[in-house]
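In Swiss-Prot this protein carries:
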type	residues	note
SIGNAL	1-20	signal peptide
DISULFID	C22-C72	disulfide bond
DISULFID	C36-C87	disulfide bond
DISULFID	C39-C125	disulfide bond
CARBOHYD	N43	N-linked glycosylation site
DISULFID	C47-C103	disulfide bond
DISULFID	C51-C105	disulfide bond
DISULFID	C108-C115	disulfide bond
Amino acid sequence: MTATFLMSMIFGLACGQAMSFCIPTEYMMHVERKECAYCLTINTTVCAGYCMTRDVNGKLFLPKYALSQDVCTYRDFMYKTAEIPGCPRHVTPYFSYPVAISCKCGKCNTDYSDCIHEAIKTNYCTKPQKSYMVGFSI
């Protein structure tokens, strides 16, 4: 290997480790309401990935806000609305969900993000699914 090639490899690896990998990622969610007959499968995008972080020494001497870590969160997003099939007339069949347009590494904003990691898997259907999916166009 030449010295130039070797140096460019080392530089590439160093920059790759220093840069964050936080991007919109395809995500399939299942939505159902107990009053409705069907479960709806929605394809959307969410922010997922790795953000550079570090643990601080001297935690006892720092204020709590200085101890928070960056997470992969929304920079720009929009809401879309889907209709859950098989709902009776007295039930509103609409469900709004976020679609990530761009992402960033930053503090988790509870105004529009769920900042708690759930240990229980809840993304499944207990009712029959309709044969169509809402979301990505092919």
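Just so it is clear, glycine is given a Cβ too, placed from its N, Cα and C backbone atoms.
With all protein chains in the displayed structure included, the most crowded Cβ environment within 10 Å among the disulfide-bonded residues C39, C72, C108, C125 is that of C72. Proximity to C72 (disulfide bond), judged by a C-alpha distance within 10 Å, picks out C103, C108 from the disulfide-bonded residues C103, C108, C125. The 10 Å shell around the Cβ of the residue listed as 'N-linked glycosylation site' contains 14 further Cβ atoms across the protein chains shown. For C47 (disulfide bond), applying a Cβ distance below 8 Å and a minimum sequence separation of six or more within one chain yields C22, I23, P24, T25, C72, T73, Y74, A100, C103.
When the disulfide-bonded residues C51, C105, C125 are compared by Cα distance to C36 (disulfide bond), the shortest distance belongs to C125. Around the Cβ of C51 (disulfide bond), 16 further Cβ atoms fall within 10 Å across all displayed protein chains.
For C87 (disulfide bond), the Cβ neighbour count at a 10 Å cut-off comes to 16, with all displayed protein chains included. Within 10 Å of the C-beta of C103 (disulfide bond) there are 24 other C-beta atoms, taking all protein chains into account.
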